[in-house]
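These notes concern the structure reproduced below.
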Amino acid sequence: PGGGHQDIPSHQLIVPVRYLPVTDVLFSVFTVTFDHFQILRAIGKGSFGKVCIVQKRDTEKMYAMKYMNKQQCIERDEVRNVFRELEILQEIEHVFLVNLWYSFQDEEDMFMVVDLLLGGDLRYHLQQNVHFNEDAVKLYLCEMTLALDYLQSQHIIHRDIKPDNILLDEQGHAHLTDFNIATIIKDGERATALAGTKPYMAPEIFQSFVSGGTGYAFEVDWWSLGVTVFEVLRGWRPYEIHASNSVESLMQLFSTVSVQYNTAWPKDLVHLMRKLLTVNPEHRFSSLSHMQTAPYLSDINWDAVYEKKIDAGFVPNKGRLHCDPTFELEEMILESRPLHKKKKRLAKNRSREASKDSQSVSVTVTTDCAWVMFVRHQTEENGLKLGGYYLNLSN
């Protein structure tokens, strides 16, 4: 809804990739599969499914691999969101995003291989009682400003900016992740779906849902950024909102409750926060140019921010993995189909299927609606993009 995406017929959503409309030679050269990666350990769960650290066998480069069981995806009615996320991630790349590098599937799961950020997410650090100093949060604000400015240039509304979706790298720089409920709006379009995490959702999202108004646009992400910055600085959010709150009660809340700012904060910081947390989206700061006019950010060298030349005020401890250790135990003990046993399990299944029926059916993937394989190359010059493949024709 509100995104310009065409619905995909349900019977065409998940198609096993066995034969693709490219030659056998090209397929063998450019295919990427589960076997190309060594599984190191599970590190978390996300909207897409589970996440583990992997190492690509040929380059020895480390990534995060996100994977979701196909059957569970269908049962939870998450197929369209997953496809939308893949569609968006294939088209974007930015220094302050968690970027997609490969996507593929096997008989059981769909996979996305993305940047590995070992510094943990901001929610984890808040739960560990980390007290972020103002300089650290100021840099996060600037880095997320550049990320949102880029997404806006690509017509993308993220719709789920929150501490859980901001990951730190080992140097302490912030990266935005999780495009599961993101949407694309073209010039003049408005989104209308009630989407997001309630405590971080902008008032106009609820207003659109209640009154069927004109919808909303990029301004909602800047509200969410304001809520996130407030929370990381203070330890709690500007409004007391829970998932159980009704939409109607939230509309009343925004019209009657004023945000209480820390009296110890610099006046320029409070002024900027007021601009981000303005209920009327027409008066809200919602662009890089707006942010650059803020006195609080007048000393910022934006080129230095983009190039990560500004030292982070908080650097995660490199001697530990910043995630819940129970994820690894769940994968090893509780998971009925653990990832580290996938190769042996699939080989057994394939052998069983082959003995049942020696005649395999050729399935052609329609590239506009199937889960396509994707390989991101550093350069796409002299290359041809074909159904999610980048075929380098210069070699």
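Cβ atoms here come from the backbone N, Cα and C positions, even for glycine.
Bear in mind that TrEMBL entries carry predicted annotations, made automatically and left uncurated.
Values in this document were obtained by computation on a predicted structure and should not be read as measured data.
Taken from TrEMBL, the feature ATP binding site applies to Lys66. Annotation comment: TrEMBL describes 37-297 as domain 'Protein kinase'.
The DSSP secondary structure for the residue listed as 'ATP binding site' is strand. Other Cβ atoms within 10 Å of the Cβ of the residue listed as 'ATP binding site' number 27 in total over all chains.
Per-residue pLDDT, averaged over the domain 'Protein kinase' (37-297), rounds to 94.
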